[in-house]
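Just below is one structure, and these are the notes that go with it.
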Amino acid sequence: MTSAEIRQKFIDFFKSKGHVHVPSSSLVPHNDPTLLFTNAGMNQFKDTFLGLEKREYTRAVTAQKCVRAGGKHNDLDEVGFTARHHTFFEMLGNFSFGDYFKEDALAYAWEFITSPEWLGLPKDRLWVSIYKDDEQAFDVWHNKVGVPADRIVRLGEKDNFWRMGDTGPCGPCSEIFWDMGPEYACDHPDGCRIDTCGCDRWREFWNNVFMQYNQTPEGLVPLERTGVDTGLGLERMATIMQGVWSNWDIDLWQPIFARIHELSGKKYEGEGPEAVAFRVIADHARCCTFLIADGVRFSNEGRGYVMRRILRRAVRFGRVLGFAEPFIWKVAGAVADVMGDAYPEVRERLPVIQDELRREEERFLRTLEQGMNRLEEILARMRQKGETVISGQDAFVLYDTYGFPLDIVRDVAREQGFTVDEQGYQAAMAEQRARARAARDVSYITEVQSRIAGHLEGVAPTRFVGYTELAGEGRVLAVFDQEGNATGAGEGSSVIIVLDRTPFYAEGGGQVGDTGQIVAPGLRVEVEDCRKLPSGHHLHYGTVQEGFLEVGQQVEARVDARKRKDTQKNHTATHLLHKALREVLGTHVQQAGSLVAPDRLRFDFTHTGPMTPEQIAAVEEMINAEIEAAEPVTWTEMPLDEARALGAMALFGEKYGEIVRVVSVGDGWSRELCGGCHVSNTSEVQYFKILSESGIGGGVRRIEAVTGPGVIRHLEEAQARAVEAQEQLRSRMKEMEKELEQLRAKLAASQTDSLVERAQEVGGVKVVAGTAPVATMEDLRNMTDAIRAKLGSGVVVLGAVTSEGKVNLVAAVTKDLAGRVHAGNLIREVARICGGGGGGRPDMATAGGKNPERLGEALNAVPGLVGSQLGL
């Protein structure tokens with residue numbers, strides 16, 4: 001049976017059981033920051049299991065694309081060396097959202113794998129495991145499905161309690177195993193069993209997870225609705241159905257192996273270094289093909305970096321097969337041929353996929369040879385010294401200089417009998433990150449800038465053109481590392497670049513430095529910040545993403561236009577805020593500091609005491625009126641004395657030159673000395689909203705605010721918080737209601753015993769009459785029944801006052817008193833005293849009353865009324 005047939009049969013089977021076929025979701029999780037990649041079939045249903053999303057169906061079946069590489073679920077190092085590890089794989093799954101649970105889920109699984117109509121596996125080669133305390137699962141497997149008890153294995157939390165990650169839906173699970181046969185048994189001293197050795201004789205292929213909880217940072221929280229999440233690995237199932245030992249021997253891999261054979265001239269024979277290379281290349285080519293199809297691109301962070309590690313590992317293994325030129329992009333064509341019917345996006349996007357792969361291969365091959373030579377030198381030196389562990393520092397240099405991920409160093413070391421000091425590597429990496437962080441500290445920057453300034457003596461300052469341009473040509477005057485040493489820089493290097501001209505605004509006047517790119521043919525640098533030396537040289541802090549950077553290169557500097565525009569809105573809004581505060585609070589208000597960023601603004605000002613809500617509203621109203629008036633924003637340069645004569649506000653303590661830049665709003669409504677970037681008209685700010693006003697000490701207040709799209713984000717976040725608070729309140733109310741019911745039940749139970757103990761005897765008949773702490777007629781009947789049962793023989797009359805101020809009454813008579821005491825007649829007389837009426841059967845009757853103040857009198861009359869019916 002082919003893999004495609006297994007996939008289709010699975011979908012068809014569960015569709016016959018009322019499941020809706022839901023297409024595979026993207027490998028890039030939607031709106032889930034807890035996941036790097038989609039790594040299980042249930043990822044796309046996470047919000048459904050949590051009760052945050054409601055779907056039109058309660059049963060679903062999927063064939064889901066998954067990747068496990070990076071993060072908690074990371075199989076990368078094992079791929080190629082074991083029979084069943086892959087980075088990309090397919091997970092077949094059936095799901096229940098508050099519909100069926102364990103009994104149906106396990107019965108469906110057994111039917112699919114054993115029925116001749118579907119897979120038809122022999123039952124005597126199947127075993128199951130359950131969570132050690134899951135008696136319900138044992139009962140279903142043994143008593144309902146018919147699995148012998150000695151084939152049901154109990155395992156602990158590590159094996160049979162499933163969690164998607166550190167947070168999210170989870171619960172106990174039950175796995176199904178295939179016995180490869182006694183000829184594959186190991187020699188474990190306690191015997192070869194699932195619960196002793198877990199060796200490759202036992203092939204787990206289907207996991208049934210019973211979603212009962214949500215794992216939060218605080219602990220397990222029961223889900224409102226239980227659910228079922230199952231995962232059947234397609235590759236493992238195909239291994240069983242096709243009668244082969246290894247996942248690599250199934251039909252999905254053979255066309256890909258054939259393509260590698262065609263390109264390399266080598267043959268896949270299952271064992272040895274070349275076989276490992278075949279498997280690594282095939283797996284990693286398939287994984288990268290699907291990731292690129294789903295929009296992931298190679299980069300130095302996040303998903304893109306993990307994909308880069310995967311591809312570079314494959315390229316390195318390509319050397320084992322003799323590849324010296326890009327080749328994985330050609331293997332991707334075979335992947336599309338094999339997988340394109342099930343996943344058409346791979347075939348449709350193949351040109352883009354191959355182009356991305358080819359360019360990334362070319363980029364890495366430029367440094368691979370040098371890096372491998374350096375690694376061989378390290379290994380040769382170690383052999384001479386009799387050492388077996390590659391130092392963490394050496395491994396880090398291979399990464400930092402040649403772009404070798406730790407995976408590659410580890411693989412080469414393993415092949416030649418060496419290991420890697422991974423702790424030392426991580427320490428070197430942490431040290432570099434600490435240096436990068438320190439490079440942002442003022443004290444460190446002063447030292448670094450001093451060193452850089454020494455190198456730049458006699459070099460003309462950078463010409464800033466960013467007021468009118470967001471992109472422009474420039475020449476590289478100098479390149480420094482994070483410690484201020486002059487250098488050239490290759491891919492992955494953190495650098496500080498000085499250009500002869502730039503559109504990048506350097507941090508100053510509260511405005512953050514621009515971000516963007518510096519590019520040239522074969523070169524791309526991501527600029528993360530821009531600062532300025534007192535000498536006027538702009539320092540562009542960034543990371544080389546592609547190519548090699550050196551002095552003298554002609555480059556194009558490109559500012560991130562969206563971020564700059566948002567920053568300009570916030571900077572103009574800061575000027576409007578300053579003016580409005582002086583209008584509303586008084587001219588004593590002076591700017592004491594500010595932060596102008598793309599997503600927000602912060603303004604510190606002198607003022608004693610908090611602003612009132614009315615003052616905050618007045619400031620907002622004044623600013624938004626200026627925005628709506630669409631006033632022009634202009635700037636001009638003039639002598640400092642002239643600017644002061646015009647009334648331009650200056651920042652206290654700031655140093656200004658003889659010629660200053662004055663930014664004006666409208667016809668001088670606001671006029672400030674400012675070297676920052678602004679919109680050309682107040683209407684571009686769109687809207688202004690104050691988020692908070694607080695004191696930061698010493699008679700200085702702080703306002704935080706947003707403009708334009710930031711206001712929309714703020715409102716959306718506020719709405720989300722309100723919804724969340726509403727949900728939490730609703731949940732808490734439900735909990736309180738439940739707690740109240742429990743308290744009432746406890747009180748009722750206690751009252752029951754007390755009333756029975758205080759029963760009176762009338763003519764030899766036990767009589768109980770009293771009030772009950774219950775809210776409803778149903779609760780009152782239940783309590784009456786409980787007392788009647790405890791009495792064994794007798795009469796019970798209970799009363800309770802409702803929340804509406806009405807009286808509920810119940811009378812009950814034991815069967816042995818039938819014909820002597822009539823409950824309906826008795827309750828009618830009792831109710832009459834309370835201003836009501838009622839009646840009912842001889843053994844049980846209910847009534848109501850309007851006068852709760854007479855309930856005690858009515859209950860006191862019960863013994864006499866019972867005596868009357870007994871003829872006493």
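Heads up, the Cβ atoms here are built off N, Cα and C, so glycines get one too.
Under the three-state DSSP scheme, His678 (Zn(2+) binding site) falls in the coil class. Counting every protein chain shown, the Cβ of His678 (Zn(2+) binding site) has 26 other Cβ atoms within 10 Å. Residues annotated as Zn(2+) binding site in Swiss-Prot: His571, His575, Cys674, His678.
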Cβ within 8 Å of the Zn(2+) site centroid (His571, His575, Cys674, His678 excluded): which residues?
Gln568, Thr572, Thr574, Val596, Val633, Val663, Glu672, Gly676, Cys677
Under 8 Å between C-beta atoms and at least six apart in sequence, can you list the same-chain neighbours of His571 (Zn(2+) binding site), or say none if there are none?
Gly510, Gln511, Val596, Leu601, Cys674, Gly676, Cys677, His678
Which residues does His575 (Zn(2+) binding site) neighbour through Cβ under 8 Å, counting only same-chain ones at least six apart?
Val663, Val665, Ser670, Glu672, Cys674, His678
Quick check: in three-state DSSP terms, what is His575 (Zn(2+) binding site)?
helix
